[in-house]
């Protein structure tokens with residue numbers, strides 16, 4: 001509770017201090033536009049784009065929690081909830097620790113957005129298609145390397161989190177699904193940069 005509260009307070013203080021700096025700083029005088037009805041009239045357009053995007057992110061995050069809660073309804077809820085929570089943590093850990101993946105995904109999203117928009121703006125749809133194919137192939141190759149590396153460790157990785165043999169064996173049996181999830185997630189990261 002304390003960490004979440006501290007994080008929330010720090011975010012709000014950051015927003016307040018940035019707003020005060022923009023409002024009172026003489027270096028921001030030229031960038032401040034006065035409020036007008038024209039500026040306010042574009043707010044509905046903004047919300048038509050922002051609300052579905054925010055809802056997609058919320059649904060993605062909530063789906064993990066709902067699945068974990070529903071695992072309590074399975075025949076052996078203690079084992080299933082343990083396996084799912086370790087599984088989610090391992091996927092999260094894989095995505096954070098393997099800097100190759102996160103660096104590549106961030107780079108590829110930015111690159112493909114810029115490249116596709118520039119090529120389409122210049123009237124070169126074929127060049128945009130080539131860029132999408134190149135980034136897609138690189139994403140697949142990179143995620144295959146990561147998945148194969150993790151699959152090579154599947155026999156003993158569960159024991160890093162538990163000494164219970166049943167849970168560790170269940171985690172080891174789920175590694176093909178984890179690797180498939182990483183493959184799909186990596187490719188979706190590239191595709192989200194195109195959209």
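Note that Cβ sites are derived from N, Cα and C of the backbone, with glycine treated the same way.
Some features that TrEMBL has for this protein:
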type	residues	note
TRANSMEM	6-25	transmembrane segment
TRANSMEM	46-64	transmembrane segment
TRANSMEM	84-104	transmembrane segment
TRANSMEM	130-151	transmembrane segment
TRANSMEM	171-194	transmembrane segment
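Under 8 Å from some Cβ of the transmembrane segment (6-25) lie the Cβ atoms of residues 31-32, all in the same chain and six or more residues away from its ends. Tertiary proximity for the transmembrane segment (46-64) is limited to same-chain residues at least six positions away from its ends with a CB under 8 Å from its CB atoms, namely 88.
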